[in-house]
Each structure stands twice: as C-alpha cells, then as structure tokens.
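Taking it in order: structure first as structure tokens, then the write-up.
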C-alpha cells in the first residue's frame, strides 16, 4: 500500500512536470507566433519599403521560414506534452482504480478475518460446552456402571441365598420323610402293646408338633424365597435398565465425538480461509 502511494506521488510529480513543459511549450509557441507575426509585419514593411532589395527579402524569408519551423516544433512539443499529460492522467486513473480495488480487497479480507475470529470464538465456546457435557456424561456413566456392578452383586447374593434355602429345604424334606417312616413303624406296633401305643402316640404327637414346626419353617422359607425372587427380579430389571443406560450413553458419546470432529473440521476450514485472506493481504 505504501509503494502504491509513493508510485502515485511520483506519477503526480511527472504530471506536474509535464504540465509545466506543456505550459512552457505554449509560451514558446505564443512567442514564436508573435515573432512570426512580427517578422511577417516586418516583411510586409520591407517589401513595401525595399521592393528592389531581393537579398533582404530572401534573408527575411529565411527568418520567417526558421520562425515557422520553430513554431511547428513548438506545436509538436505542445502536442507531445499534451499527449504525455493525457497518458499520465490515464496512468494515475488506473493506479487510483487499482488502489480502490486493493482497499476493497483489504476491507473484504479484514471482514473475513473478523468473521473468522468470531467463528473461532464460537467454535471454542461450543467445544468447551461439548467437553463439559462429555465430562458430565462420563461421570453419569461411571455412576451407572457402579449401580450395575451393585445390581449384579445383589443378584449374585440373591442366587446364593436361594441355593442355600433350597439346600435347607431338601434337608428338611428328608427329615420329614424319615419322621413319617418312624410314625408308620410306631403305628404298626400299636396293635401289639397299649403301653407302646401310648409311647408311640406321644411320640407321634411329638413328631406332629415337630412336623408343624417344620411346616412353619417351610412357610417361612417359602416366603423368604418369594422375597428373594422379587429382589432378584428387581435386580435384573435394574441391571437391564443400567445396560440400556450404558448403551444410550455410548451412543451419546459417539454423537459428541462426531460433533467434536465436525467442529474441528469447521475450525480447520476457517483457519485455511483466514490464511488465504492473510496471504491476499500480504500479496497486496
């Protein structure tokens, strides 16, 4: 830009010099015309006064001829100076137009630079928001993973308790069968001895009480198994929900990664455009 201004100043100086030369040529032309007019008047006077003196007439004719040649040269110089002035005016106009275009390109580049800076700021803010969201999602995912581990642990514990209760029920059923067998043996001996019948009856009552006790325990175990089954079902439901949440979070993370990649590509394109604009400014 500074070089263009210096070039314009030099062109303006050349224009002023050309104008001065043109004015000087005009002055020479006028002087030559005046001299020519004066010589013509003198020639006419001499022709009237010295008609017989051909040498003098020829001398003055040569002077007139020289004056006319000088006049033609002055006219030619004036014409050349005017042409040079016109050429300089055209060059100045072209330089001014080039300067206007350069200023327009500079303004456009500055505007693009400002827009690129704004876009970069917006992209940076967007990336910070995305990073915060990703961080929150990671924390949420970690919490849900802990809940999933806890649910799996509860389910495993419920399975273990269920197996333990099932084993106890098998043992109780075996004891009940053995008690029933003993009761049958006692009943078979009932017809032989009344005394043994009483003993057997008492034993039977004791066995019945024990059977009732076992029945109460069995009901209790069944109720506990039912509760454990409900807890297991609830744990399985929580595990399924946690798995769905993890899948949803994985999809959200994938979407966020895609969005971050798109923002990076957009920022890269803006940077390239900004570099091109700066190169255009530098080339000016």
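Cβ coordinates are placed from backbone N, Cα and C, and glycine is handled just like the others.
Keep in mind it's a predicted model, so treat the numbers as computed, not measured.
In Swiss-Prot, the annotation region 'Disordered' applies to 22-66, one of the ranges 22-66, 67-111. Within the model, the coiled coil (1-284) carries an average pLDDT of 65.
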